[in-house]
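Trainee: Before I ask anything, here is the structure I am working with.
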Amino acid sequence: MSHRRRPHAAGPPPPSEGGGDAPPQPPGKAPQIRPWPERRVLALALAFRAANALLVRTYFNPDEHWQCLEVAHRIAFGYGHLTWEWKRGLRSYLHPLIFASLYKFLAFLHLDTPLFMVMAPRLLQSVFAAFGDLYLYKLSKLIFSEHVAQWTLFSQLVNWFMFFCITRTLSNSLETVLTVAGLYYWFIAIESSKEIPVISKQQAASYQSPHSRKVALLIAALACAIRPTSAITWLYVGLLDFIYIKSKCRFLFLEVIPLGAIVLAATTFLDWWMYGSRVIVPLNFLKFNLFSSGGDYYGTHVFHWYFTQGLIAWVLGVYSILGHKEFRFVLPVLPLALMFSGYFLAAMSQFKGKNLHGKRHFSRLQLSVILLIITNIPMALYMSLFHQRGTEDVMFYLSKEAHNGSVKGVLFLMPCHSTPYYSTLHSSLPMRFLDCTPSDNKGTLDESDRFLMNPLDFVGEVFGNLSSFSHIVLFESEERHVIQLLLHDSFQEVRRFFHSHFKIDRDLQSSVVVYSRRDVL
């Protein structure tokens, strides 16, 4: 993306051959677009994202719970599971502390009930997401025009993957919001420099507004503190302007390094305090994920995976170097791609929909809008309301049962981190899941792998008598292998929750089943 504003960026493309569309109106006679007040945009975004958060009832990625809410619950209430990443100092406490504060607030108001514990974190994230929508609107307006900004906001709100992800408590979601906000202030600095009489673009870049640029750098540093890989985006943005900046030393030593050092020092001291030892999270993160390829433990993909399966060449190119890949890693560049969707929709809106006989028909714009709606909204609703919802529903059920005193202990006979944990149960009861901590010895199978290879033998070998648990949770695909053992140990099915219509990376996990000991019923 160019950093220089295009004066007629929303200008229409040339008319199609054959007279299918009438030529656009001349730029001077184009209809005036009434600007939307930013307060109205924010109010719309807040309402939309709140509804968005309430409609997201499915399970997407374990990190939403295990790397954020589970840690936050441990901070706020004193119990919660810390995964192996926290024991190796690979994660910063900055992001979980936001939601730990929310939990403390709920507890203070005596609102830490099963429903509020499930919905409140996503509603808080929906507020952050709404400000991300607002800043995307402002950024599009700054770079292109009011008309493009309005269509960009439409593209953002209708996009199914954004709807599916942005209100989840993934660090990628907050990183996306910070990236858009930071870019807005960065471009504000660039635009401010144009108002100063200068001779060349090189001189223009050297007069960037210090305040806006410092705000942008501060936001960028916070984004990197939450997710160190955010530096990939900001390295590119900074280098593009660094080429034109006249006072490079001043930029580096009076702006970038001081602000970066302040944020790094603050987050490092925070992590030292929370970890109880001197841990430098960004360094550990880079050593594990880049230099030792530790992330490959969760699967590797071909180099071109982001280009053929997933946007924005630089970010995708650098991320492609890493072996482990996920769609959510490139979520921060999705709003930038949607700006170009807004640009082309705005350009198409300047065509009049008349055919050769002068009769009105569906214009390119109307067809494009219809196509976007029918390909995104059903997908957004299906993925948010149905696909892989069983593991969320089962924990909400157990939390209500535990709240009523009907649960004494839970065993999860399913791949590790398949469900939320204490952050949803919100009861200090003994629970056990199958461990999948990476082994230093390559080829060593973890408990999840061993269970999937031979469920019956694994349960008998590791757990023996299951009477120490009051409830057992497992997928239907593994149920048939251990059902006789469960019946023998006096367990019976009490609930069955729909999970998915098709398999993802394992056997079809169509439902989640809960078994309970007969003496507990």
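Quick reminder: no glycine exception, Cβ is built from N, Cα and C everywhere.
Any TrEMBL annotation is an automated prediction that lacks curation.
From a predicted model like this one, the values you see are computed outputs, not experimental measurements.
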Trainee: Can you identify, from 123-142, 303-322, the stretch that TrEMBL calls transmembrane segment?
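Mentor: Transmembrane segment, as annotated by TrEMBL, spans 303-322.
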Trainee: What residues elsewhere in the chain lie close to the transmembrane segment (367-386), defined as a C-beta under 8 angstroms and at least 6 residues from its ends?
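Mentor: Long-range Cβ neighbours of the transmembrane segment (367-386): 55-58, 154-155, 158-160, 163-164, 344-345, 348, 498, 500-501.
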Trainee: If you count every Cβ pair below 8 Å, which range out of 93-109, 148-170, 251-275 shares the most with the transmembrane segment (329-347)?
Mentor: 148-170
Trainee: Sequence-remote contacts (6 or more beyond its ends) of the transmembrane segment (251-275), Cβ cut-off under 8 Å?
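Mentor: Distant Cβ neighbours of the transmembrane segment (251-275) are 75, 89, 92-94, 97, 210, 213-214, 217-218, 221-222, 224-225, 238, 242, 245, 281-282.
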Trainee: Given a Cβ distance threshold of under 8 angstroms, which distant residues of the chain, six or more beyond its ends, lie next to the transmembrane segment (148-170)?
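Mentor: Long-range Cβ neighbours of the transmembrane segment (148-170): 9-10, 33, 36, 41, 45, 48-49, 52-53, 56, 60-61, 63-65, 68-69, 99, 121-122, 125-126, 129, 132-133, 136-138, 140-141, 176-177, 327-328, 331, 334-335, 338-339, 341-343, 345-346, 349, 369, 372-373, 375-377, 379-380, 383-384.
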